[in-house]
Every structure is written in structure tokens, then in C-alpha cells.
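Annotation comment: TrEMBL describes 28-63, 67-90 as domain 'EF-hand'. What TrEMBL records for Asp41, Asp43, Ser45, Phe47, Glu52, Asp80, Asp82, Asp84, Lys86 is Ca(2+) binding site.
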Amino acid sequence: AVSVFSSLIAAESFNYKKFFEMVGLKKKSPEDVKKVFHILDKDQSGFIEEEELKFVLKGFTPEGRDLSDKETKALLAAGDKDGDGKIGAD
């Protein structure tokens, strides 16, 4: 599992769908997902902004790297349902 995780976080290989499936977010309760959200929402604004999203992998593992700008923008676009440039808890 460690080698699979390493391949997901290697430079320019981040696939957010595979990553979130691997860390089990799809199987978590809404309460558990909100807990993860609050960990990633470093400034506790109620939103995960692009600058916070860039460091998402570090929220899951100390070995995590920063996402590239391209990876960050792709992940933000996937989670930003209302197009306001940030991801809300809902």
C-alpha cells in the first residue's frame, strides 16, 4: 500500500479521484468528511482556498508534497461546485 500511495503522490502524477478513494473518503460518514475538511481548512474560514488545497497531501501524510499549480487547479475545479474559487464544507 505504501508504494501505491507513493506513486499517487509522485510529481505530476496526482489523481485526486484515486487518492480520495485510497484514503477512504468515499466510505466515510458526513461527520468524518467534515472533520477532514476542518483539518485542511487551515485558516478555519469555512472554505478550502487554492493556497490551502496546494498542501492537501501534507494533511494526510508527513511525506506528502505540495501539489503543482496544475494539480491544485484541477482539484479545485472538481470541488468548486459554485465557481467561487474555493471549496465549502457542503
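Cβ atoms here come from the backbone N, Cα and C positions, even for glycine.
Where the annotation comes from TrEMBL, it is an automatic prediction and has not been curated.
DSSP states for the domain 'EF-hand' (67-90), grouped as helix (H, G, I), strand (E, B) and coil, give 11 helix, 3 strand, 10 coil. A 10 Å cutoff on Cβ-Cβ distances gives Asp41 (Ca(2+) binding site) a total of 20 other Cβ atoms nearby, all chains included. Each residue of the domain 'EF-hand' (28-63) gets a DSSP state, and the totals for helix, strand and coil are 19 helix, 3 strand, 14 coil.
Here the binding-site residues are Glu52, Asp82, and the one ringed by the most other CB atoms within 10 angstroms is Glu52.
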